[in-house]
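*Asks:* Pasting the feature list from TrEMBL:
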- 12-40: transmembrane segment (TRANSMEM)
- 52-73: transmembrane segment (TRANSMEM)
- 80-98: transmembrane segment (TRANSMEM)
- 104-125: transmembrane segment (TRANSMEM)
- 137-156: transmembrane segment (TRANSMEM)
- 162-183: transmembrane segment (TRANSMEM)
- 303-319: transmembrane segment (TRANSMEM)
- 339-358: transmembrane segment (TRANSMEM)
- 370-390: transmembrane segment (TRANSMEM)
- 396-417: transmembrane segment (TRANSMEM)
- 429-452: transmembrane segment (TRANSMEM)
- 464-484: transmembrane segment (TRANSMEM)
Amino acid sequence: MVFRKPPDGGWGWVIVVVSFFTQFLCYGSPLAVGVLYLEWLDAFGEGKGKTAWVGSLANGIGLLASPVCSICVSSFGARPVAIFSGFMVAGGLMMSSFAPNIYFLYISYGIVVGLGCGLLYTATVTITCHYFDKRRGLALGLISTGSSVGLFIYAALQRELIDLYGLDGCLLIVGALSLNILACGSLMRPLESPDSPPPEKTYVDKVPDQYFVYHEKEKTVEENISILEKGYVDEKCANNMPDYKQDSILNKNVLSSINVNEKDTYKKKVVEQTNFCKQLAKRKWQLYLNYWEETVVLFKNKVFSALFVAILLFDIGGFPPSLLMEDVARSANINEDDYHMPLISIIGIMTAVGKLTLGILADFKWVNTLYLYVTTLLMTGVALFAIPFAKSYLTLAMLSGILGFLTGNWSIFPYVTTKTVGIEKLTHAYGILMFFAGLGNSLGPPIVGWFYDWTQEYDTAFYFSGFCVLLGGFLLLLAALPCWNACTNQSSKLPPNTYSYKVASSA
């Protein structure tokens with residue numbers, strides 16, 4: 001498929017609008033799953049750790065399956081994937097309304113809805129990058145706020161729907177709303193050239209000519225037959241007399257010649273195809289070896305290794321508040337009359353503000369994006385340590401706003417990755433980091449829930465979460481310090497393909 005130069009406008013702004021609403025509709029319920037979490041606790045009577053798996057799977061499975069999502073979008077295009085994913089998200093939400101137990105929700109809400117969200121995220125980001133080049137950062141920033149706005153609105157919407165129609169009715173209505181993703185996906189027109197490109201060669205056409213020995217030899221056999229027949233006719237005309245004995249001998253010679261040629265053709269065909277398969281397998285194996293060699297080189301970069309640990313620990317400790325904050329308020333016996341706005345809604349709107357603010361800060365030349373990211377990690381750890389001391393709605397709302405703003409550091413994470421490994425290895429490195437981010441998203445809420453089941457309080461759980469985030473931030477800070485880089489550069493030299501982070505460089 002041939003693409004035009006990104007127009008940086010025009011239909012691209014339609015793509016931005018529909019991508020914004022796509023992320024709004026698909027991520028609204030999974031990110032605001034904390035409201036449903038309370039209902040599932042009461043409905044199924046399971047432990048908090050076991051119940052927390054539903055929301056953690058819905059938010060983590062899409063990141064874990066990001067390589068598969070990328071392959072699907074590359075193979076089928078953004079529009080078909082978006083439409084198919086809309087059916088997945090809507091179907092998973094509606095199926096969840098009929099869940100007889102918590103294990104059914106693991107599949108319907110956790111896996112089906114989670115995979116649908118992962119596919120939609122990849123599709124919206126890919127189609128937006130096709131339409132924008134110079135304004136790509138602005139476009140991606142606008143569509144990424146769709147999930148945050150969805151969290152803000154769906155937290156209050158799902159609570160109101162539960163009060164009016166119950167948990168099952170809420171999930172049915174939210175699933176019906178998600179069907180609007182189909183309309184949004186149908187508008188994701190691919191950016192193709194106006195002139196229809198020539199049809200691509202099939203896999204068989206791309207095989208070199210020397211591998212078509214069988215067809216060439218077949219043609220040779222036919223030519224031999226015609227030559228022999230021609231000679232036979234000429235000889236009969238010359239002698240001008242029938243010789244049935246000679247005729248039978250000639251026919252036997254022709255048949256034996258054909259059989260010999262066919263056997264040789266078959267043997268050569270087998271040999272040539274065997275060599276071709278060996279070369280193809282050797283080439284594929286070499287690609288796998290190159291992939292793992294590049295992965296090893298990435299992890300030899302100390303800053304990348306620290307970044308991998310930091311993102312894993314950050315998602316283990318930093319994601320649970322968005323899922324469990326409502327239950328924290330209920331455990332603190334906060335009066336419902338003081339409940340002016342759902343805490344999850346506060347987290348959602350402040351996440352959108354944080355994404356935009358931190359993204360703007362990252363564009364300033366005097367701001368070092370790595371140190372900015374480390375600062376958000378350390379502040380998040382301190383805020384998590386303060387949650388056990390919050391005993392009123394006001395303090396919990398303030399902490400929710402701070403945590404939401406700091407969670408907006410997702411908008412600068414691609415900047416940090418690019419500065420760490422270079423633009424050439426961004427795709428490879430970002431895929432690895434997103435996989436472990438999804439792993440952290442999946443493990444964080446259940447771990448916090450298990451801590452509560454063990455101690456019957458959230459204090460120890462949030463101390464653990466704060467410790468994880470602080471540990472990741474300190475490790476990343478230590479790896480990025482100029483003195484550490486100077487010491488390591490004197491003691492050993494990095495491989496030629498390894499990119500070290502220059503802390504003196506601007507963002």
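Note: Cβ is positioned from N, Cα and C throughout, glycine not excepted.
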*Asks:* So if I exclude everything within five residues of the ends of the transmembrane segment (370-390), which remaining residues of that chain have a CB under 8 angstroms from its CBs? That is, six or more out.
*Replies:* 303, 310, 314, 317-318, 321, 328, 332, 358, 361-362, 396, 398-399, 402-403, 406-407, 409, 412-413, 416, 419-420, 458-459, 462-463, 465-470, 472-474, 476-477, 480, 501, 503, 507
*Asks:* Most CB pairs under 8 Å with the transmembrane segment (137-156): which of 12-40, 52-73, 162-183, 303-319, 396-417?
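*Replies:* Highest pair count goes to 12-40.
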*Asks:* For the transmembrane segment (396-417), find every same-chain residue at least 6 residues outside the stretch whose CB is under 8 Å from a CB in it, and list them.
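*Replies:* Sequence-remote neighbours of the transmembrane segment (396-417) are 141, 144, 148, 307, 311, 318, 321-322, 325, 328-329, 332, 334, 341, 343-344, 346-359, 361-362, 369-370, 372-373, 376-377, 379-380, 383-384, 386-387, 390, 426, 429-430, 433, 507.
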*Asks:* Take the C-beta pairs under 8 A between the transmembrane segment (303-319) and each of 12-40, 52-73, 162-183, 429-452, 464-484. Which stretch has the highest count?
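*Replies:* Maximum Cβ contact count belongs to 464-484.
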*Asks:* How about long-range neighbours of the transmembrane segment (52-73): same chain, 6 or more residues beyond its ends, C-beta under 8 Å?
*Replies:* 30-31, 33-34, 36-37, 40, 81, 102, 105-106, 109-111, 113-115, 117-119, 121-123, 126, 319-320, 323-324, 431, 434-435, 437-446, 448-449
